[in-house]
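One structure is given below, encoded as structure tokens.
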Amino acid sequence: MSTVKGQTRRERPRGARPHGLTKQKRQEIKEAFDLFDTDNSGTIDAKELNVAMRALGFEMTEEQINQMIADVDKDGSGSIDYEEFEHMMTAKIGERDSKEELTKAFSIIDQDKNGKISDVDIQRIAKELGENFTYQEIQEMVQEADRNGDGEIDFDEFIRMMRRTGYGY
């Protein structure tokens, strides 16, 4: 942390990426912005944004596109500049990456690949991680996450649980 004019700010570790994006990903975002700013206005409107989002791998409805613009359009112009676009894309990429990570984690824990995490799955992964939970503690974990009462944790229940604990997106 450092202090500038009485304000405290967190220092980014040397070599850390701003916004958590790699230089390559930032370049892709800049290229997408430039490519889809077809009128060279320095801004992207809803139509241009829809094309840019598709190029970056996001399928979105017109309503979602309009909401995205409304969320970041500070001046109410109906379009977004590069800084707003980069900020928005950083958030979208973070959401996608988090979901991908949670999907991988679920797959690792769901050893028998039946689409559900059982008490046996939790016991096995806990043992692999060197955690010693009692059977009762494992049952409580399952019950806490098990919304539909089937005694196991499906993917949606897993996501919900991870969001509540701060590990998810």
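Just so it is clear, glycine is given a Cβ too, placed from its N, Cα and C backbone atoms.
The model shown is predicted, which means the values in this text are computed figures rather than measured ones.
What Swiss-Prot records for this protein:
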- Asp37, Asp39, Ser41, Thr43, Glu48: Ca(2+) 1 binding site (BINDING)
- Asp73, Asp75, Ser77, Ser79, Glu84: Ca(2+) 2 binding site (BINDING)
- Asp110, Asp112, Asn114, Lys116, Asp121: Ca(2+) 3 binding site (BINDING)
- Asp146, Asn148, Asp150, Glu152, Glu157: Ca(2+) 4 binding site (BINDING)
- 15-24: compositional bias 'Basic residues' (COMPBIAS)
- 97-132: domain 'EF-hand 3' (DOMAIN)
- 133-168: domain 'EF-hand 4' (DOMAIN)
- 1-26: region 'Disordered' (REGION)
In the same chain, who gets a Cβ under 8 Å from the domain 'EF-hand 4' (133-168) while lying at least 6 residues past its ends?
98-99, 102-103, 106, 115-119, 122-123, 126
Do you know offhand how many angstrom separate Glu152 (Ca(2+) 4 binding site) and Lys116 (Ca(2+) 3 binding site) by C-alpha?
6
Rounded Cα distance, in Å, between Asn148 (Ca(2+) 4 binding site) and Asp112 (Ca(2+) 3 binding site) is 20
Where else in the chain does the domain 'EF-hand 3' (97-132) make close Cβ contacts, counting only residues six or more beyond its ends and a cut-off under 8 Å?
138-139, 141-142, 150-155, 158-159, 162, 167-169
Calculate the distance in Å between the alpha carbons (Cα) of Lys116 (Ca(2+) 3 binding site) and Glu157 (Ca(2+) 4 binding site), and round it to a whole number.
9
What is the pLDDT of the domain 'EF-hand 3' (97-132) when averaged and given as a whole number?
86
Have a look at the binding-site residues (Asp37, Asp73) and report the one with the fewest Cβ neighbours inside 10 Å.
Asp73
DSSP residue counts for the domain 'EF-hand 3' (97-132), split into helix, strand and coil:
23 helix, 2 strand, 11 coil
I'd like the per-state residue tally for the domain 'EF-hand 4' (133-168) from DSSP, helix first, then strand, then coil.
22 helix, 2 strand, 12 coil
For Thr43 (Ca(2+) 1 binding site), the three-state class that DSSP assigns
strand
Consider the binding-site residues Asp37, Thr43, Glu48, Ser79, Glu157 and say which one has the Cα lying nearest the Cα of Asp112 (Ca(2+) 3 binding site).
Glu157
Here's one to test understanding: among the binding-site residues Asp75, Ser77, Ser79, whose C-alpha is closest in space to the C-alpha of Asp150 (Ca(2+) 4 binding site)?
Ser79
Would you list the other residues of this chain near Ca(2+) 3 - those whose C-beta lies within 8 angstroms of the C-beta centroid of Asp110, Asp112, Asn114, Lys116, Asp121 - in sequence order?
Ile109, Gln111, Lys113, Gly115, Ile117, Ser118, Glu152
Cα distance, Glu84 (Ca(2+) 2 binding site) to Asp37 (Ca(2+) 1 binding site), nearest Å?
13
